[in-house]
Amino acid sequence: MDVTRLLLATLLVFLCFFTVYSHLPPEEKLRDDRSLRSNSSVNLLDFPSVSIVALNKKSKQISRKEAEKKRSSKKEASMKKVAQPRTPLSAPCVATRDSCKPPAPACCDPCASCQCRFFRSACSCRVLSLNC
């Protein structure tokens, strides 16, 4: 009985050994210095060629005009965001970052909302969106 267990154990060890080493990639054997040099050097023909094109004055002016248009549109968008009126604050409210457990009133900031963590044991008013 002990001999069969010993044989089964060695068979199991050899099977594990062969399965592990059969999945590993075979190692490359370098026979001389020439193969070492060819494997280590980078072949420049493998990379695509790069062409350098000089910009003429028209394309530079167009790109400057486009950049100015983008800047002006960003400024207009920021001006529109600032011009939006805020709703008046109600008297019974919770300030931002203060505790707002469910029986408490709503948050003072219209962009803030009450966020609860740890199974509604720790709640606080937080601003979720910066664009509000």
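Cβ from N, Cα, C; glycine included.
Per Swiss-Prot, the features are as follows:
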- 1-22: signal peptide (SIGNAL)
- Asn39: N-linked glycosylation site (CARBOHYD)
- 62-93: region 'Disordered' (REGION)
- 63-79: compositional bias 'Basic and acidic residues' (COMPBIAS)
- 93-132: domain 'Agouti' (DOMAIN)
- Cys93-Cys108: disulfide bond (DISULFID)
- Cys100-Cys114: disulfide bond (DISULFID)
- Cys107-Cys125: disulfide bond (DISULFID)
- Cys111-Cys132: disulfide bond (DISULFID)
- Cys116-Cys123: disulfide bond (DISULFID)
Checklist entry - Using Cα coordinates, what distance in whole Å links Cys123 (disulfide bond) and Cys107 (disulfide bond)? => result 11
Item to check | Cys93 (disulfide bond), number of other Cβ atoms within 10 Å | outcome: 16
Next on the checklist: Tell me the coarse DSSP state (helix, strand, coil) of Cys123 (disulfide bond).
Outcome noted: strand
Checklist entry - If we check Cα distances from Cys100 (disulfide bond), which of the disulfide-bonded residues Cys93, Cys108, Cys111, Cys125, Cys132 wins as closest? => result Cys125
Checklist entry - Taking Cα-Cα distance, which of the disulfide-bonded residues Cys93, Cys107, Cys108, Cys125, Cys132 are within 10 Å of Cys116 (disulfide bond)? => result Cys125
Next on the checklist: For the domain 'Agouti' (93-132), how many residues does DSSP put in helix, in strand and in coil?
Outcome noted: 0 helix, 15 strand, 25 coil
Next on the checklist: Can you give me the Cα-Cα distance between Cys132 (disulfide bond) and Cys125 (disulfide bond) in Å, rounded to a whole number?
Outcome noted: 15
Checklist entry - Fewest neighbouring Cβ atoms within 10 Å: which of the disulfide-bonded residues Cys107, Cys132? => result Cys132
Item to check | Mean of pLDDT values spanning the domain 'Agouti' (93-132) | outcome: 79
Checklist entry - Among the disulfide-bonded residues Cys93, Cys107, Cys125, which ones place their C-alpha within 10 angstroms of the C-alpha of Cys114 (disulfide bond)? => result Cys107, Cys125
Checklist outcome for this item: Here the disulfide-bonded residues are Cys114, Cys123, Cys125; the one whose Cβ sees the most other Cβ atoms within 10 Å is Cys125
Next on the checklist: Measuring Cα to Cα, how far is Cys125 (disulfide bond) from Cys93 (disulfide bond) in Å?
Outcome noted: 10
